[in-house]
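S.K.: Dumping what TrEMBL says about this protein:
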DOMAIN    A:24-180  domain 'Cytochrome c assembly protein'
TRANSMEM  A:20-39  transmembrane segment
TRANSMEM  A:59-80  transmembrane segment
TRANSMEM  A:92-111  transmembrane segment
TRANSMEM  A:123-142  transmembrane segment
TRANSMEM  A:154-176  transmembrane segment
TRANSMEM  A:196-217  transmembrane segment
Amino acid sequence: MHAFANPTRFLSIARPVTPWLLWLGALLSGYGFYAGLFLTPPDYLQGESVRIMYVHVPAAWLGMGGWMGLAVASLAQLVWRHPLAGVAARAIAAPGALFTAICLVTGSIWGSRTWGTWWQWDGRMTSMLVLLFLYFGYIALANASDEKVSVSKATAIFGLIGAVNVPIINRSVVWWNSLHQGPSITLKGSTIAPEILWPLAFTTLGFSLMFGAIVLMRMRTVLASAKVEARLRRLTTA
Amino acid sequence: MKAKHQRLTLALLALAALFGAGLLAASALKDQASYFYSPADLQKNPVPPGKHIRLGGMVADHSIVKQPDGVTIDFVVADGPATTKARFRGIPPDLFKENSGVVAEGAFDNNGLFVADTILAKHDERYMPPELARKNGRQEHKTETLAR
């Protein structure tokens, strides 16, 4: 990873990769949406409302995966002092919060159609809401410190500690009685029929690529604004 | 030991302790953080009449009976062999069906009947098209106890 430690080298790779991630992601998501809306059959019990899954599930995975990425970046910052790790963690926080929010909103709509309620304090919903608040806390902490490019040590430690919530979200439907159903997709396979499942692969891959594109864009923005600030400072002192 | 390795060991030890503590605490909440009681839970630890709780389980086969007034529904919530009789007045969600999951909010009356004021439908983790469900899904469903 230290090959990318040089911001100039990182930028020379990130710049051409960003549009590819973005447009490929948009294309895959677009096809996944089309397939999920028009090509797959409805569910025998939930009817047409099952189609919200194609947005809800990848958003949930990315909300959780985002924090895992943020935690790994925080670890890399604290242990190896990687110069871009803090920048990466800072860049992940906003899209992570965004996808967590998408998950909560779509889940609420889905629940109103199937369960008959918009919100209940069961283990899965509560722990997912906690994840959203953790993202908000992280963003606030990152912006509050003097570090404007990387993040402060306290912020990185917060990023590591917050990771405890991710396995709790994952296990919440197994440990506790919940309104949310048990896991459908596990290491043993899927209890979702293949003819309903397949567009999920497209939207998941598409969302992930777009998530990556947003992270690279935000990292480039942070690095660019740091460069601008440095130049301005040189101008005023000269 | 290099400083880098020292930091790594420290961070990993702290993480392991933190995760251990967090997961132990969360799984110890097992009973308190549960969203509902199942009929089996209630058999072990009965809840006094009038106390507001959530009751969850499967709606037993052929147990839904609509009363002549048109809005009162009697049904039986089952969790394996344990069952609880319940009554609800109102419009249940579309997914409220026999052999399907349900969470009812309400309280027991003095005769041991659970009077629900809200009904939420629960579905399990299996998704399939209607044709497939007709072929095999519904039979599978009947032998299944509470999926969680």
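Glycine residues also receive a Cβ, built from the backbone N, Cα and C atoms like all the rest.
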S.K.: Against the transmembrane segment (A:92-111), which of these stretches has the most C-beta pairs under 8 Å: A:20-39, A:59-80, A:123-142, A:154-176, A:196-217?
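M.R.: The stretch I would name here is A:59-80.
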S.K.: At a C-beta cut-off of under 8 Å, are there same-chain residues at least 6 beyond the transmembrane segment (A:20-39) that contact it? List them, or none.
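M.R.: Beyond its ends, the transmembrane segment (A:20-39) has Cβ neighbours at 51, 53-55, 198-213, 216.
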